[in-house]
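**Q** Please see the structure below; I have some questions.
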């Protein structure tokens, strides 16, 4: 069976993945499949740093604006949507590019991970968020510790999103999160001929780009976007609204902190996110790391294009 060429552009936030991918897609006659867990949400454009209208007109994008902010979406659903998009792109004689910074989303496609069936998590998640609001994050963390010490030891108590995700797995499957995840089997990249690029950047340069991105987001109307979502009735406790770029801005919209405090909080959280990304990608092993520090945009595109010749 002929393998499908798949160009992966992964890496740290704010390293210019989207801009390079759009240019590269035009050079290789490709289309982009977004691998970003936040870009799947409709109405959430600025805080998710979605490709611009011009970029989406220049190159067709897939797996963007899939669900509304109060609808469920997870890695298994992404894998199905992304795989279907890749097959469709290839059948039409074009080259698929998988682009984004959500590592496990990328891995689910590239490694063709098999996910066990899970039930509807909406009601379970609502109950857990009610517990969070009424009893606090330490209550949930202690609950996780009782259920699965190994899972609890792998996550910080303040990482509420991850704690809740582990508890969801337990209440939906009846299994310890670590046991459940151990049964997620890797089948390997049998269907794809993959070029797995990963953009990295020196810390000081990346911090500067993150600061610039946050300032630009606020200039583009991030606070107005968050206010609009709240005014439309989307709860601040939703998984989507707890995402980076939204959770940090809600207190400002509610009048609890200043604009400058909101900006600083988002900058700090984005840096922390970039650190976690760096660690995750580093330990995957299969990526070709491309340090884009100080490189001009044209140089990055040219380098990627040269590397693409191995699969296209």
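Here the Cβ of each residue, glycine as well, is placed from N, Cα and C on the backbone.
Sharing the record's features from Swiss-Prot:
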BINDING   11, 12, 13, 14, 15, 16, 17, 18  ATP binding site
BINDING   13, 14, 15, 16, 17, 18  substrate binding site
REGION    36-39  region 'Interaction with substrate tRNA'
SITE      102  site 'Interaction with substrate tRNA'
SITE      125  site 'Interaction with substrate tRNA'
**Q** Among the recorded positions listed here (17, 125), identify the one with the smallest other-Cβ count within 10 Å.
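**A** Lowest Cβ count within 10 Å among the recorded positions (17, 125) is 125.
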**Q** For the region 'Interaction with substrate tRNA' (36-39), what are the same-chain contacts with Cβ under 8 Å, counting residues 6+ beyond its ends?
**A** 47-48, 50, 63-65, 73, 75, 78, 100-102, 105, 240, 243-245
**Q** Which residues of the same chain, at least 6 positions away in sequence, have a Cβ lying under 8 Å from the Cβ of residue 14 (ATP binding site)?
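**A** Long-range Cβ contacts: 206, 209, 210, 213, 270, 274.
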**Q** Residue 16 (ATP binding site) has how many other Cβ neighbours within 10 Å of its own Cβ?
**A** 18
**Q** What does the structure give for the C-alpha distance between residue 11 (ATP binding site) and residue 102 (site 'Interaction with substrate tRNA')? Integer Å is fine.
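**A** Residue 102 (site 'Interaction with substrate tRNA') has its Cα 9 Å from the Cα of residue 11 (ATP binding site).
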**Q** Taking 10 A as the limit, how many CB atoms besides its own sit near the CB of residue 102 (site 'Interaction with substrate tRNA')?
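**A** Residue 102 (site 'Interaction with substrate tRNA'): 20 neighbouring Cβ atoms within 10 Å.
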**Q** Would you mind pulling the DSSP three-state label for residue 16 (ATP binding site)?
**A** coil
**Q** Can you give me the Cα-Cα distance between residue 16 (ATP binding site) and residue 102 (site 'Interaction with substrate tRNA') in Å, rounded to a whole number?
**A** 15
**Q** Using a 10 Å radius around each Cβ and counting other Cβ atoms from all shown chains, which of the binding-site residues 13, 15, 18 yields the largest count?
**A** 15
**Q** Using DSSP, what's the helix, strand and coil tally for the region 'Interaction with substrate tRNA' (36-39)?
**A** 0 helix, 0 strand, 4 coil
